[in-house]
Amino acid sequence: MPTVEELYRNYGILADATEQVGQHKDAYQVILDGVKGGTKEKRLAAQFIPKFFKHFPELADSAINAQLDLCEDEDVSIRRQAIKELPQFATGENLPRVADILTQLLQTDDSAEFNLVNNALLSIFKMDAKGTLGGLFSQILQGEDIVRERAIKFLSTKLKTLPDEVLTKEVEELILTESKKVLEDVTGEEFVLFMKILSGLKSLQTVSGRQQLVELVAEQADLEQTFNPSDPDCVDRLLQCTRQAVPLFSKNVHSTRFVTYFCEQVLPNLGTLTTPVEGLDIQLEVLKLLAEMSSFCGDMEKLETNLRKLFDKLLEYMPLPPEEAENGENAGNEEPKLQFSYVECLLYSFHQLGRKLPDFLTAKLNAEKLKDFKIRLQYFARGLQVYIRQLRLALQGKTGEALKTEENKIKVVALKITNNINVLIKDLFHIPPSYKSTVTLSWKPVQKVEIGQKRASEDTTSGSPPKKSSAGPKRDARQIYNPPSGKYSSNLGNFNYERSLQGK
(Lines of atoms letter the chains of each structure in order from A and count residues from 1; the text may use other names and numbers.)
(Lines give C-alpha, C1' and ligand atoms only; values in the text may rest on other atoms or scores of the structure.)
Protein backbone atom coordinates (compact mmCIF):
# COMPACT_ATOMS: atom_id res chain seq x y z
CA MET A 1 0.00 0.00 0.00
CA PRO A 2 1.45 3.39 -0.98
CA THR A 3 2.20 6.02 1.65
CA VAL A 4 1.08 9.64 1.50
CA GLU A 5 4.53 10.60 0.21
CA GLU A 6 4.36 7.99 -2.56
CA LEU A 7 0.94 9.18 -3.60
CA TYR A 8 2.15 12.77 -3.85
CA ARG A 9 5.24 11.69 -5.79
CA ASN A 10 3.22 9.72 -8.35
CA TYR A 11 0.71 12.55 -8.57
CA GLY A 12 3.64 14.82 -9.44
CA ILE A 13 4.79 12.44 -12.16
CA LEU A 14 1.36 12.48 -13.78
CA ALA A 15 0.87 16.23 -13.36
CA ASP A 16 4.24 17.01 -14.95
CA ALA A 17 3.76 14.61 -17.85
CA THR A 18 1.24 16.91 -19.55
CA GLU A 19 0.45 15.30 -22.93
CA GLN A 20 2.33 12.08 -22.12
CA VAL A 21 0.26 11.27 -19.03
CA GLY A 22 -1.04 8.06 -20.55
CA GLN A 23 2.48 6.64 -20.70
CA HIS A 24 2.72 6.55 -16.89
CA LYS A 25 0.34 3.71 -16.21
CA ASP A 26 2.40 2.50 -13.23
CA ALA A 27 2.12 5.87 -11.50
CA TYR A 28 -1.67 5.84 -11.89
CA GLN A 29 -1.80 2.27 -10.55
CA VAL A 30 -0.02 3.44 -7.39
CA ILE A 31 -2.74 6.06 -6.92
CA LEU A 32 -5.44 3.42 -7.42
CA ASP A 33 -3.79 1.32 -4.71
CA GLY A 34 -4.17 4.28 -2.36
CA VAL A 35 -7.74 3.16 -1.64
CA LYS A 36 -6.27 0.30 0.41
CA GLY A 37 -4.40 2.65 2.74
CA GLY A 38 -5.40 4.63 5.81
CA THR A 39 -7.65 7.67 6.09
CA LYS A 40 -5.11 10.17 4.67
CA GLU A 41 -4.22 7.91 1.75
CA LYS A 42 -7.87 7.29 0.90
CA ARG A 43 -8.66 10.98 1.01
CA LEU A 44 -5.86 11.73 -1.46
CA ALA A 45 -6.87 8.81 -3.69
CA ALA A 46 -10.46 10.14 -3.80
CA GLN A 47 -9.13 13.37 -5.33
CA PHE A 48 -6.30 12.01 -7.52
CA ILE A 49 -8.09 9.05 -9.18
CA PRO A 50 -10.75 11.14 -11.00
CA LYS A 51 -8.23 13.84 -11.99
CA PHE A 52 -6.30 11.51 -14.32
CA PHE A 53 -9.08 9.00 -15.07
CA LYS A 54 -9.64 10.04 -18.69
CA HIS A 55 -6.00 9.35 -19.62
CA PHE A 56 -6.17 5.63 -18.77
CA PRO A 57 -9.17 4.05 -20.55
CA GLU A 58 -7.65 0.59 -20.10
CA LEU A 59 -7.84 1.08 -16.31
CA ALA A 60 -11.38 2.53 -16.37
CA ASP A 61 -13.01 -0.43 -14.60
CA SER A 62 -10.32 -0.54 -11.93
CA ALA A 63 -10.55 3.22 -11.37
CA ILE A 64 -14.36 3.24 -11.08
CA ASN A 65 -14.28 0.26 -8.71
CA ALA A 66 -11.62 1.98 -6.60
CA GLN A 67 -13.71 5.16 -6.38
CA LEU A 68 -16.79 3.07 -5.58
CA ASP A 69 -14.92 1.47 -2.67
CA LEU A 70 -14.28 4.98 -1.35
CA CYS A 71 -17.98 5.87 -1.78
CA GLU A 72 -18.75 3.02 0.64
CA ASP A 73 -16.00 3.81 3.15
CA GLU A 74 -16.80 3.94 6.86
CA ASP A 75 -15.39 7.47 7.11
CA VAL A 76 -18.15 9.90 6.09
CA SER A 77 -15.68 12.58 4.95
CA ILE A 78 -14.03 10.11 2.55
CA ARG A 79 -17.44 9.02 1.23
CA ARG A 80 -18.47 12.60 0.61
CA GLN A 81 -15.22 13.42 -1.22
CA ALA A 82 -15.53 10.31 -3.39
CA ILE A 83 -19.18 10.98 -4.25
CA LYS A 84 -18.45 14.60 -5.10
CA GLU A 85 -15.88 13.49 -7.71
CA LEU A 86 -18.00 10.73 -9.31
CA PRO A 87 -19.29 12.88 -12.22
CA GLN A 88 -15.71 13.05 -13.54
CA PHE A 89 -15.98 9.33 -14.34
CA ALA A 90 -19.16 9.85 -16.37
CA THR A 91 -17.61 9.79 -19.83
CA GLY A 92 -18.82 7.84 -22.84
CA GLU A 93 -19.93 4.31 -22.09
CA ASN A 94 -19.07 4.74 -18.41
CA LEU A 95 -21.88 7.24 -17.81
CA PRO A 96 -24.78 4.78 -17.41
CA ARG A 97 -22.70 2.82 -14.91
CA VAL A 98 -21.92 5.97 -12.92
CA ALA A 99 -25.62 6.88 -13.02
CA ASP A 100 -26.45 3.40 -11.74
CA ILE A 101 -23.93 3.77 -8.89
CA LEU A 102 -25.21 7.22 -7.93
CA THR A 103 -28.79 5.97 -7.98
CA GLN A 104 -27.86 3.21 -5.53
CA LEU A 105 -26.15 5.79 -3.33
CA LEU A 106 -29.49 7.62 -2.94
CA GLN A 107 -30.25 5.17 -0.14
CA THR A 108 -27.86 7.01 2.22
CA ASP A 109 -29.37 8.43 5.40
CA ASP A 110 -26.69 11.14 5.72
CA SER A 111 -28.33 14.38 4.54
CA ALA A 112 -25.10 16.02 3.31
CA GLU A 113 -24.18 12.86 1.43
CA PHE A 114 -27.69 12.61 -0.01
CA ASN A 115 -27.45 16.18 -1.33
CA LEU A 116 -24.07 15.40 -2.92
CA VAL A 117 -25.58 12.38 -4.67
CA ASN A 118 -28.49 14.50 -5.94
CA ASN A 119 -26.12 17.18 -7.22
CA ALA A 120 -23.89 14.58 -8.88
CA LEU A 121 -26.89 13.01 -10.63
CA LEU A 122 -28.06 16.41 -11.86
CA SER A 123 -24.55 17.12 -13.06
CA ILE A 124 -24.35 14.00 -15.23
CA PHE A 125 -27.96 14.53 -16.34
CA LYS A 126 -26.75 17.68 -18.06
CA MET A 127 -23.93 15.73 -19.74
CA ASP A 128 -26.09 12.89 -21.06
CA ALA A 129 -29.74 12.77 -20.05
CA LYS A 130 -30.47 9.47 -21.80
CA GLY A 131 -27.52 7.69 -20.21
CA THR A 132 -28.45 9.01 -16.77
CA LEU A 133 -32.06 7.89 -17.23
CA GLY A 134 -30.76 4.45 -18.15
CA GLY A 135 -29.07 4.15 -14.76
CA LEU A 136 -32.05 5.54 -12.86
CA PHE A 137 -34.65 3.32 -14.52
CA SER A 138 -32.42 0.28 -14.23
CA GLN A 139 -32.52 0.68 -10.44
CA ILE A 140 -36.23 1.56 -10.40
CA LEU A 141 -37.01 -1.68 -12.22
CA GLN A 142 -34.51 -3.98 -10.52
CA GLY A 143 -33.08 -2.25 -7.44
CA GLU A 144 -33.94 -2.56 -3.76
CA ASP A 145 -37.15 -0.96 -2.49
CA ILE A 146 -35.44 2.00 -0.81
CA VAL A 147 -33.40 2.74 -3.95
CA ARG A 148 -36.48 2.42 -6.17
CA GLU A 149 -38.46 4.75 -3.92
CA ARG A 150 -35.77 7.43 -3.84
CA ALA A 151 -35.02 7.19 -7.55
CA ILE A 152 -38.69 7.79 -8.34
CA LYS A 153 -38.78 10.75 -5.95
CA PHE A 154 -35.62 12.12 -7.56
CA LEU A 155 -37.32 12.08 -10.96
CA SER A 156 -40.54 13.59 -9.60
CA THR A 157 -38.75 16.50 -7.92
CA LYS A 158 -35.69 17.16 -10.10
CA LEU A 159 -36.85 16.71 -13.70
CA LYS A 160 -38.84 19.94 -13.60
CA THR A 161 -35.68 21.86 -12.63
CA LEU A 162 -33.83 20.85 -15.79
CA PRO A 163 -33.69 23.24 -18.78
CA ASP A 164 -35.35 22.52 -22.12
CA GLU A 165 -32.03 21.84 -23.81
CA VAL A 166 -31.58 18.87 -21.46
CA LEU A 167 -35.17 17.63 -21.55
CA THR A 168 -35.43 17.34 -25.33
CA LYS A 169 -38.34 15.64 -27.08
CA GLU A 170 -36.25 12.45 -27.46
CA VAL A 171 -35.42 12.46 -23.74
CA GLU A 172 -39.09 12.93 -22.84
CA GLU A 173 -40.03 10.05 -25.14
CA LEU A 174 -37.51 7.85 -23.31
CA ILE A 175 -39.01 8.88 -19.95
CA LEU A 176 -42.49 7.93 -21.21
CA THR A 177 -41.30 4.58 -22.61
CA GLU A 178 -39.46 3.60 -19.44
CA SER A 179 -42.27 4.86 -17.21
CA LYS A 180 -44.75 2.60 -19.00
CA LYS A 181 -42.57 -0.38 -18.07
CA VAL A 182 -42.56 0.66 -14.42
CA LEU A 183 -46.33 1.29 -14.41
CA GLU A 184 -46.94 -2.38 -15.11
CA ASP A 185 -46.30 -2.99 -11.41
CA VAL A 186 -46.54 -0.01 -9.07
CA THR A 187 -47.95 0.92 -5.68
CA GLY A 188 -50.58 3.64 -5.38
CA GLU A 189 -48.05 6.21 -4.20
CA GLU A 190 -45.63 5.34 -7.01
CA PHE A 191 -48.42 5.70 -9.56
CA VAL A 192 -49.23 9.19 -8.30
CA LEU A 193 -45.55 10.20 -8.52
CA PHE A 194 -45.23 8.87 -12.07
CA MET A 195 -48.33 10.78 -13.13
CA LYS A 196 -46.70 13.89 -11.67
CA ILE A 197 -43.53 13.14 -13.65
CA LEU A 198 -45.31 12.44 -16.94
CA SER A 199 -47.89 15.21 -16.77
CA GLY A 200 -45.07 17.71 -16.23
CA LEU A 201 -43.35 16.78 -19.51
CA LYS A 202 -43.65 19.47 -22.15
CA SER A 203 -44.39 16.99 -24.94
CA LEU A 204 -47.39 15.63 -23.01
CA GLN A 205 -49.09 18.98 -22.49
CA THR A 206 -50.72 18.92 -25.91
CA VAL A 207 -54.17 17.47 -26.57
CA SER A 208 -52.67 14.23 -27.89
CA GLY A 209 -50.26 14.12 -24.95
CA ARG A 210 -53.07 14.53 -22.46
CA GLN A 211 -55.02 11.83 -24.27
CA GLN A 212 -52.05 9.47 -23.92
CA LEU A 213 -51.98 10.13 -20.18
CA VAL A 214 -55.71 9.50 -19.83
CA GLU A 215 -55.28 6.17 -21.62
CA LEU A 216 -52.42 5.29 -19.26
CA VAL A 217 -54.62 6.06 -16.26
CA ALA A 218 -57.55 4.12 -17.71
CA GLU A 219 -55.30 1.11 -18.17
CA GLN A 220 -54.09 1.44 -14.59
CA ALA A 221 -57.69 1.75 -13.38
CA ASP A 222 -58.52 -1.54 -15.11
CA LEU A 223 -61.74 -0.20 -16.59
CA GLU A 224 -62.24 -3.39 -18.60
CA GLN A 225 -62.73 -5.41 -15.41
CA THR A 226 -65.92 -5.80 -13.41
CA PHE A 227 -65.89 -3.49 -10.40
CA ASN A 228 -65.80 -5.18 -6.99
CA PRO A 229 -67.30 -2.79 -4.41
CA SER A 230 -66.39 -5.04 -1.47
CA ASP A 231 -62.66 -5.09 -2.29
CA PRO A 232 -60.97 -2.05 -0.67
CA ASP A 233 -57.97 -2.37 -3.01
CA CYS A 234 -60.22 -2.30 -6.05
CA VAL A 235 -62.08 0.75 -4.71
CA ASP A 236 -58.84 2.51 -3.76
CA ARG A 237 -57.29 1.89 -7.18
CA LEU A 238 -60.31 3.34 -8.96
CA LEU A 239 -60.36 6.41 -6.71
CA GLN A 240 -56.64 7.10 -7.07
CA CYS A 241 -56.67 6.64 -10.82
CA THR A 242 -59.74 8.82 -11.26
CA ARG A 243 -58.16 11.57 -9.16
CA GLN A 244 -55.17 11.53 -11.49
CA ALA A 245 -57.39 11.60 -14.58
CA VAL A 246 -59.69 14.46 -13.53
CA PRO A 247 -57.18 17.33 -14.08
CA LEU A 248 -56.34 15.92 -17.52
CA PHE A 249 -59.88 16.18 -18.88
CA SER A 250 -60.92 19.13 -21.02
CA LYS A 251 -63.31 19.94 -23.85
CA ASN A 252 -60.83 18.18 -26.15
CA VAL A 253 -59.82 15.30 -23.86
CA HIS A 254 -62.98 13.49 -22.88
CA SER A 255 -63.86 11.65 -19.69
CA THR A 256 -66.35 9.35 -21.43
CA ARG A 257 -64.72 6.02 -20.50
CA PHE A 258 -64.54 6.95 -16.83
CA VAL A 259 -68.06 8.42 -16.66
CA THR A 260 -69.45 5.33 -18.41
CA TYR A 261 -67.67 3.04 -15.95
CA PHE A 262 -68.96 5.03 -12.96
CA CYS A 263 -72.54 4.95 -14.27
CA GLU A 264 -72.51 1.27 -15.20
CA GLN A 265 -70.34 -0.26 -12.49
CA VAL A 266 -70.03 2.09 -9.52
CA LEU A 267 -73.38 3.88 -9.10
CA PRO A 268 -75.40 0.64 -8.83
CA ASN A 269 -73.02 -0.44 -6.03
CA LEU A 270 -72.74 2.92 -4.30
CA GLY A 271 -74.33 1.73 -1.07
CA THR A 272 -72.05 -1.31 -0.73
CA LEU A 273 -68.68 0.39 -1.36
CA THR A 274 -65.93 -0.59 1.06
CA THR A 275 -63.95 2.44 2.15
CA PRO A 276 -60.16 2.00 1.80
CA VAL A 277 -59.48 4.64 4.45
CA GLU A 278 -61.18 5.04 7.80
CA GLY A 279 -63.21 8.20 8.14
CA LEU A 280 -63.64 8.75 4.39
CA ASP A 281 -67.21 9.25 3.13
CA ILE A 282 -66.63 6.94 0.20
CA GLN A 283 -70.02 7.52 -1.41
CA LEU A 284 -69.61 11.28 -1.41
CA GLU A 285 -66.05 10.92 -2.69
CA VAL A 286 -67.24 8.86 -5.66
CA LEU A 287 -70.09 11.26 -6.44
CA LYS A 288 -67.76 14.26 -6.37
CA LEU A 289 -65.41 12.62 -8.84
CA LEU A 290 -68.32 11.74 -11.12
CA ALA A 291 -69.59 15.33 -10.98
CA GLU A 292 -66.18 16.74 -11.89
CA MET A 293 -65.82 14.34 -14.83
CA SER A 294 -69.34 14.81 -16.16
CA SER A 295 -68.49 18.26 -17.56
CA PHE A 296 -66.06 16.71 -20.03
CA CYS A 297 -67.99 13.64 -21.13
CA GLY A 298 -68.10 13.15 -24.90
CA ASP A 299 -70.51 11.07 -26.95
CA MET A 300 -71.63 8.05 -24.94
CA GLU A 301 -72.80 4.81 -26.54
CA LYS A 302 -75.46 3.93 -23.97
CA LEU A 303 -76.36 7.48 -23.00
CA GLU A 304 -80.04 6.87 -22.25
CA THR A 305 -79.32 3.74 -20.18
CA ASN A 306 -76.62 5.45 -18.15
CA LEU A 307 -78.65 8.63 -17.73
CA ARG A 308 -81.48 6.50 -16.34
CA LYS A 309 -79.09 4.89 -13.83
CA LEU A 310 -77.96 8.34 -12.77
CA PHE A 311 -81.57 9.52 -12.56
CA ASP A 312 -82.59 6.52 -10.44
CA LYS A 313 -79.70 7.15 -8.05
CA LEU A 314 -80.69 10.83 -7.81
CA LEU A 315 -84.23 9.82 -6.84
CA GLU A 316 -82.85 7.85 -3.89
CA TYR A 317 -81.62 11.12 -2.38
CA MET A 318 -84.65 13.24 -3.32
CA PRO A 319 -87.43 12.08 -0.99
CA LEU A 320 -91.14 12.50 -1.43
CA PRO A 321 -92.82 14.76 1.11
CA PRO A 322 -94.13 12.73 4.08
CA GLU A 323 -97.75 12.94 3.04
CA GLU A 324 -96.85 11.69 -0.44
CA ALA A 325 -94.84 8.66 0.70
CA GLU A 326 -96.42 5.47 -0.58
CA ASN A 327 -95.32 3.22 2.26
CA GLY A 328 -96.12 5.73 4.95
CA GLU A 329 -92.75 5.34 6.66
CA ASN A 330 -92.10 9.03 6.60
CA ALA A 331 -95.62 9.98 7.61
CA GLY A 332 -96.29 11.91 10.76
CA ASN A 333 -94.14 14.67 12.20
CA GLU A 334 -90.77 13.30 11.10
CA GLU A 335 -89.38 14.95 7.98
CA PRO A 336 -86.99 13.01 5.74
CA LYS A 337 -83.39 14.18 5.84
CA LEU A 338 -82.20 16.13 2.84
CA GLN A 339 -78.68 15.11 1.89
CA PHE A 340 -77.56 18.24 0.11
CA SER A 341 -73.96 17.18 -0.54
CA TYR A 342 -74.98 14.02 -2.38
CA VAL A 343 -77.74 15.78 -4.30
CA GLU A 344 -75.44 18.55 -5.51
CA CYS A 345 -73.14 15.95 -7.11
CA LEU A 346 -75.90 13.80 -8.59
CA LEU A 347 -77.99 16.71 -9.83
CA TYR A 348 -74.94 18.36 -11.40
CA SER A 349 -73.94 15.11 -13.14
CA PHE A 350 -77.50 14.57 -14.36
CA HIS A 351 -77.65 18.18 -15.59
CA GLN A 352 -74.38 17.76 -17.52
CA LEU A 353 -75.30 14.45 -19.17
CA GLY A 354 -78.91 15.56 -19.63
CA ARG A 355 -77.71 18.24 -22.06
CA LYS A 356 -76.79 15.43 -24.43
CA LEU A 357 -80.33 14.01 -24.30
CA PRO A 358 -82.52 17.03 -23.50
CA ASP A 359 -85.81 15.18 -24.05
CA PHE A 360 -84.97 12.48 -21.48
CA LEU A 361 -87.40 13.80 -18.85
CA THR A 362 -90.20 14.55 -21.30
CA ALA A 363 -89.92 11.77 -23.89
CA LYS A 364 -88.09 8.93 -22.14
CA LEU A 365 -90.02 8.93 -18.85
CA ASN A 366 -93.70 8.12 -18.57
CA ALA A 367 -96.04 10.82 -17.29
CA GLU A 368 -96.35 9.22 -13.84
CA LYS A 369 -92.57 9.08 -13.38
CA LEU A 370 -92.15 12.69 -14.46
CA LYS A 371 -94.91 13.81 -12.10
CA ASP A 372 -93.22 11.93 -9.25
CA PHE A 373 -89.90 13.63 -10.05
CA LYS A 374 -91.49 17.09 -10.11
CA ILE A 375 -93.04 16.46 -6.67
CA ARG A 376 -89.64 15.46 -5.29
CA LEU A 377 -87.98 18.51 -6.86
CA GLN A 378 -90.63 20.80 -5.43
CA TYR A 379 -90.29 19.33 -1.95
CA PHE A 380 -86.51 19.58 -2.08
CA ALA A 381 -86.69 23.15 -3.37
CA ARG A 382 -88.95 24.10 -0.47
CA GLY A 383 -86.44 22.71 2.00
CA LEU A 384 -83.66 24.54 0.20
CA GLN A 385 -85.35 27.91 0.55
CA VAL A 386 -85.71 27.48 4.30
CA TYR A 387 -82.10 26.45 4.64
CA ILE A 388 -80.73 29.20 2.37
CA ARG A 389 -82.59 31.85 4.38
CA GLN A 390 -81.19 30.45 7.63
CA LEU A 391 -77.64 30.43 6.24
CA ARG A 392 -77.83 33.95 4.83
CA LEU A 393 -79.16 35.21 8.13
CA ALA A 394 -76.36 33.45 10.02
CA LEU A 395 -73.68 34.92 7.72
CA GLN A 396 -75.19 38.38 7.41
CA GLY A 397 -72.68 41.13 8.18
CA LYS A 398 -69.79 38.73 8.68
CA THR A 399 -66.56 39.53 6.82
CA GLY A 400 -62.82 38.86 7.01
CA GLU A 401 -61.72 36.97 10.10
CA ALA A 402 -65.27 36.23 11.19
CA LEU A 403 -65.77 34.09 8.09
CA LYS A 404 -62.64 32.08 8.84
CA THR A 405 -63.98 30.34 11.93
CA GLU A 406 -64.67 26.64 11.45
CA GLU A 407 -68.39 27.11 12.01
CA ASN A 408 -68.68 29.90 9.45
CA LYS A 409 -66.56 28.03 6.91
CA ILE A 410 -69.10 25.21 7.13
CA LYS A 411 -71.94 27.68 6.61
CA VAL A 412 -70.25 29.27 3.59
CA VAL A 413 -69.76 25.89 1.92
CA ALA A 414 -73.31 24.87 2.79
CA LEU A 415 -74.58 28.06 1.15
CA LYS A 416 -72.61 27.25 -2.02
CA ILE A 417 -74.06 23.74 -2.10
CA THR A 418 -77.65 24.86 -1.62
CA ASN A 419 -77.38 27.73 -4.11
CA ASN A 420 -76.02 25.31 -6.72
CA ILE A 421 -78.87 22.87 -6.17
CA ASN A 422 -81.36 25.73 -6.33
CA VAL A 423 -80.07 26.89 -9.73
CA LEU A 424 -80.14 23.35 -11.16
CA ILE A 425 -83.64 22.61 -9.86
CA LYS A 426 -84.94 25.83 -11.45
CA ASP A 427 -83.53 24.65 -14.77
CA LEU A 428 -85.32 21.31 -14.50
CA PHE A 429 -88.62 23.03 -13.62
CA HIS A 430 -88.65 24.80 -16.98
CA ILE A 431 -91.10 23.49 -19.56
CA PRO A 432 -89.43 21.81 -21.30
CA PRO A 433 -86.55 21.24 -18.83
CA SER A 434 -83.55 23.46 -19.54
CA TYR A 435 -79.86 22.61 -19.22
CA LYS A 436 -78.40 26.06 -19.80
CA SER A 437 -77.36 27.22 -16.33
CA THR A 438 -73.72 27.01 -15.27
CA VAL A 439 -72.63 26.48 -11.68
CA THR A 440 -69.25 25.94 -10.03
CA LEU A 441 -69.22 22.87 -7.80
CA SER A 442 -69.07 23.90 -4.14
CA TRP A 443 -65.61 22.44 -3.49
CA LYS A 444 -64.04 23.97 -6.61
CA PRO A 445 -62.50 27.45 -6.72
CA VAL A 446 -64.43 29.94 -8.83
CA GLN A 447 -62.51 30.68 -12.03
CA LYS A 448 -62.63 34.27 -13.18
CA VAL A 449 -62.49 34.52 -16.95
CA GLU A 450 -61.63 37.82 -18.56
CA ILE A 451 -63.74 38.86 -21.53
CA GLY A 452 -62.08 37.64 -24.69
CA GLN A 453 -59.70 35.46 -22.73
CA LYS A 454 -59.61 31.70 -23.10
CA ARG A 455 -60.25 29.59 -20.06
CA ALA A 456 -56.86 28.35 -18.84
CA SER A 457 -58.00 24.81 -18.93
CA GLU A 458 -57.68 22.64 -21.84
CA ASP A 459 -54.31 21.85 -23.21
CA THR A 460 -52.12 24.17 -21.26
CA THR A 461 -53.17 23.06 -17.83
CA SER A 462 -50.32 22.12 -15.62
CA GLY A 463 -49.85 18.46 -15.87
CA SER A 464 -49.29 17.93 -12.26
CA PRO A 465 -52.49 17.00 -10.60
CA PRO A 466 -53.89 19.82 -8.55
CA LYS A 467 -54.05 17.38 -5.71
CA LYS A 468 -51.12 16.18 -3.83
CA SER A 469 -52.37 12.67 -3.90
CA SER A 470 -50.68 10.29 -1.64
CA ALA A 471 -51.42 6.62 -1.48
CA GLY A 472 -54.46 7.57 0.54
CA PRO A 473 -57.34 9.78 -0.43
CA LYS A 474 -56.01 13.07 0.95
CA ARG A 475 -55.88 15.91 -1.52
CA ASP A 476 -54.52 19.38 -1.00
CA ALA A 477 -55.36 21.66 -3.86
CA ARG A 478 -59.04 20.83 -3.77
CA GLN A 479 -59.45 21.91 -0.16
CA ILE A 480 -62.19 19.35 -0.23
CA TYR A 481 -64.89 19.77 2.38
CA ASN A 482 -67.10 16.85 3.26
CA PRO A 483 -70.23 18.34 4.75
CA PRO A 484 -72.04 16.09 7.19
CA SER A 485 -74.34 14.79 4.49
CA GLY A 486 -77.68 13.75 5.79
CA LYS A 487 -77.31 15.91 8.87
CA TYR A 488 -78.08 19.28 7.28
CA SER A 489 -81.55 20.67 7.78
CA SER A 490 -84.00 17.98 8.62
CA ASN A 491 -87.07 19.69 10.02
CA LEU A 492 -88.16 22.28 7.53
CA GLY A 493 -90.72 23.79 9.82
CA ASN A 494 -88.53 23.89 12.90
CA PHE A 495 -84.99 24.42 11.60
CA ASN A 496 -82.21 24.02 14.12
CA TYR A 497 -78.80 24.79 12.58
CA GLU A 498 -76.66 23.73 15.52
CA ARG A 499 -78.35 20.35 15.75
CA SER A 500 -77.74 19.83 12.04
CA LEU A 501 -74.00 19.92 12.66
CA GLN A 502 -73.99 17.20 15.28
CA GLY A 503 -71.81 14.30 14.34
CA LYS A 504 -69.44 16.49 12.38
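All positions are counted from 1 along the displayed chain.
Cβ from N, Cα, C; glycine included.
Predicted, not measured: the structure shown is a model, and the values here were computed from it.
As written in Swiss-Prot, here are the features:
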REGION    1-360  region 'ARM-like and Heat-like helical repeats'
MOD_RES   K251  N6-acetyllysine
REGION    370-391  region 'Leucine-zipper'
MOD_RES   T399  phosphothreonine
REGION    452-504  region 'Disordered'
MOTIF     454-475  motif 'Nuclear localization signal'
MOD_RES   S462  phosphoserine
COMPBIAS  462-472  compositional bias 'Low complexity'
MOD_RES   S464  phosphoserine
MOD_RES   S469  phosphoserine
COMPBIAS  487-504  compositional bias 'Polar residues'
K251 (N6-acetyllysine) sits from the residue listed as 'phosphothreonine' (Cα to Cα, rounded, in Å) at a distance of 37
Summary of DSSP states over the region 'Leucine-zipper' (370-391), given as helix, strand and coil counts: 22 helix, 0 strand, 0 coil
The region 'ARM-like and Heat-like helical repeats' (1-360) [mean pLDDT, rounded to integer]: 93
Fewest C-beta neighbours within 10 angstroms among the modified residues K251, T399 belongs to T399
